[in-house]
Amino acid sequence: MNRNSSSASIDPSLPGEILFRLRQQNPNPTSELSFRSPFELLVAVVLSAQATDKSVNQATQGLFRHANTPEAILAMGEERLRRHIRTIGLYNTKARNLMKTCADLVERHGGAVPRDRHALEKLPGVGRKTANVILNTAFGEPVIAVDTHIFRVANRTGIAPGKTVRQVEDELMRVVPDEYKKGAHHWLILHGRYTCTARKPSCDACAIPDLCEWKRLDEGSV
C-alpha cells in the first residue's frame with residue numbers, strides 16, 4: 001500500500017500501514033507506568049489490574065522509595081505493603097500475591113524477574129497478559145499484550161478481529177510485520193486509551209480513519 005494513499009481496503013499491508021502512522025505520531029512509545037527495573041515493572045503491572053496507571057504510579061512512588069526489590073518487600077511485610085497500596089482496588093489480594101511472588105522470585109530465581117513466559121506465568125497474580133507486558137516492556141521481546149484497549153482497536157479497525165483476547169493476540173502476532181511487533185503493544189494501547197476510546201472515539205483526531213473498518217461502516221450507514 002502506498003503510504004500516501006487513502007485506500008481503505010482490508011489487505012495484508014493494512015497492519016503495517018496502521019502501525020507506520022501510529023509510529024509517526026509516537027516514534028518511541030513506552031509504558032505509562034513508572035518503573036526503573038523489571039521488578040518494579042512487575043509490581044506495577046500486578047497492581048494495575050482494575051486500576052489506572054496514575055493511581056498505581058502514585059502508590060508505587062512511595063512504595064519503591066522504601067522497597068524496590070523482592071527481598072526488601074519481604075522484609076517490609078504484608079501489613080506495611082498493604083498500607084502503601086491501599087488506595088488501589090483489590091489491594092488486599094494484590095498484597096498477598098505480591099508477597100508470594102517475591103518469595104518465589106527469591107527462592108526460585110535468585111531475586112531476579114525471569115525472562116521466560118512459563119516461569120512468569122507461574123508467579124502468583126501473573127497471567128498471560130502480564131507476562132507479555134514484562135517480556136515486551138522490560139526485556140524488549142517482540143510480543144503483544146492485549147488489554148481492553150487493544151482488543152477494541154484490533155476489532156474496530158479490522159486488523160485483528162477476534163472474540164477473545166487470545167484470538168486477537170494470536171492474530172496480531174500473525175499479521176503485524178516484524179519491524180512493528182516490539183512497539184505494537186504501546187502504539188495500540190495509547191491509540192485506544194486516548195483516541196479510539198470506548199465511548200465517543202475521537203475520529204476527527206485519528207491518524208488512520210481511512211484505514212478503519214468501523215469508521216467506514218459507520219459512514220456507510222449514514
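For all residues, glycine too, the Cβ spot is worked out from N, Cα and C.
What TrEMBL records for C196, C203, C206, C212 is [4Fe-4S] cluster binding site. Annotated domain 'HhH-GPD' per TrEMBL: 47-194, in sequence order.
All features noted in TrEMBL, drawn onto the structure.
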residue : record                        : DSSP class
C196    : [4Fe-4S] cluster binding site : coil
C203    : [4Fe-4S] cluster binding site : helix
C212    : [4Fe-4S] cluster binding site : coil
Near-site residues: [4Fe-4S] cluster, ref C196, C203, C206, C212, CB cutoff 8 A to centroid:
R156, T157, T195, P201, S202, I208, P209, W214, K215
Row C206 ([4Fe-4S] cluster binding site), column other C-beta within 10 angstroms, all chains, value 17
Other C-beta atoms that fall within 10 angstroms of the C-beta of C196 ([4Fe-4S] cluster binding site):
24
Let me make sure I understand the structure: which of the binding-site residues listed (C203, C212) has the fewest other Cβ atoms within 10 A of its Cβ?
C203
